[in-house]
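**Student:** So that we are looking at the same thing, I have put the structure below in structure tokens.
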Amino acid sequence: MRKTVIVAMSGGVDSSVVAYLLKKQGEYNVVGLFMKNWGEQDENGECTATKDFRDVERIAEQLSIPYYTVSFSKEYKERVFSRFLREYANGYTPNPDVLCNREIKFDLLQKKVLELKGDFLATGHYCRGGADGTGLSRGIDPNKDQSYFLCGTPKDALSNVLFPLGGMYKTEVRRIAQEAGLATATKKDSTGICFIGKRPFKSFLEQFVADSPGDIIDFDTQQVVGRHEGAHYYTIGQRRGLNIGGMEKPCYVLSKNMEKNIVYIVRGEDHPLLYRQELLAKELNWFVPLQEPMICSAKVRYRSPDEKCSVYPLEDGTVKVIFDVPVKAVTPGQTVAFYQGDICLGGGVIEVPMIHQL
């Protein structure tokens, strides 16, 4: 008897090709499932759930597969969006995509897969592992690899997941979509955070977190060099949007004192205080047993390079990460993912004291 695979379909080209490839294999009963996590946007928003669902309908019709829709809007706001706002208000820089994968796609969506009597869940993520029992590894396309975003998802939650695109390059996926005549073949990839769309981040955040004007201080001179509308609008290492003139070198956000509502900056992109030799990580998720010390590499943000490091477990359940070479703009609240080669060992949330606290 054929097993049933539920394809998480977003209306984009990646999930469309996943459904196409699985249907073409002839080994599965393929069922599409569209997940709505966010309502329609206002006049400046770009998160177009209705248009995306129409594309899912078109692909399902082309492939002659059944499809369903499920709304997790309420749960998304409670488990992802509310935390996103809370973390920003407290001075952190969270990653909602990592949260969404852990809390929604590979938790609530998995429960829906069981309801539909699915044997597997297939997604368009560019990574490898899952149902093959190997945990999680990078996708072979270095420009599209998404293992970073899944590093916080428990291994058990991936045990029935298929990643058909993990061994493919994006150019190949586009080519397959075009040759198959899929309706989404030329559709642009979605970018950014779904609930923000193309709006400037500050204009979005100020709808939910009130402005709180304060001083911008040069950390080296302790002189006030400007004013800000809220320390929560800034992230460590940020250069743009400071509105500070008259400086010989560009200014970068070094630290934030949320209690005193101060943003500290330094001048020059290579200022030594912008670099950290170590960090702490909490809310850890491991795909392999943690050894002491674990010699590996770490990625402190999605597009950052791997940095060689040693990971030491601490008694309180966190880990200390010591880098071989100091790393720039280590940001509290961001996700850190650990690797050995292409294998993702796990991940956690960065917890590092601000410079002014040291």
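Easy rule for this one: first residue shown is 1, then count along the chain.
Here the Cβ of each residue, glycine as well, is placed from N, Cα and C on the backbone.
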**Student:** For the ATP site, Swiss-Prot lists ALA8, MET9, SER10, GLY11, GLY12, VAL13, ASP14, SER15, MET35; sort out which one of GLY118, GLY124, GLY129 goes with them.
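**Tutor:** The record-listed residue among the candidates is GLY124.
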**Student:** Where the distance is taken from Cα to Cα, which of the recorded positions CYS100, HIS125, GLN334 turns out closest to MET35 (ATP binding site)?
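**Tutor:** Comparing Cα positions, the candidate nearest MET35 (ATP binding site) turns out to be CYS100.
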**Student:** Please work out the number of neighbouring Cβ atoms within 10 Å of the Cβ of MET35 (ATP binding site), leaving out its own Cβ.
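**Tutor:** So the number of other Cβ atoms within 10 Å of MET35 (ATP binding site) is 22.
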**Student:** Considering only the recorded positions SER10, GLY12, ASP14, CYS100, GLN334, which residue has the minimal Cα-Cα separation from HIS125 (site 'Interaction with tRNA')?
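**Tutor:** Checked the recorded positions SER10, GLY12, ASP14, CYS100, GLN334; minimum Cα distance to HIS125 (site 'Interaction with tRNA') goes to ASP14.
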**Student:** Tell me which residues of the chain lie with their Cβ under 8 angstroms from that of ASP14 (ATP binding site), as long as they are six or more apart in sequence?
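**Tutor:** When sequence neighbours closer than 6 are ignored, ASP14 (ATP binding site) has GLY124, TYR126, LEU165, VAL173, ASP189 within Cβ distance under 8 Å.
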**Student:** Could you find out if DSSP has MET35 (ATP binding site) as helix, strand or coil?
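**Tutor:** In three-state terms, MET35 (ATP binding site) counts as strand.
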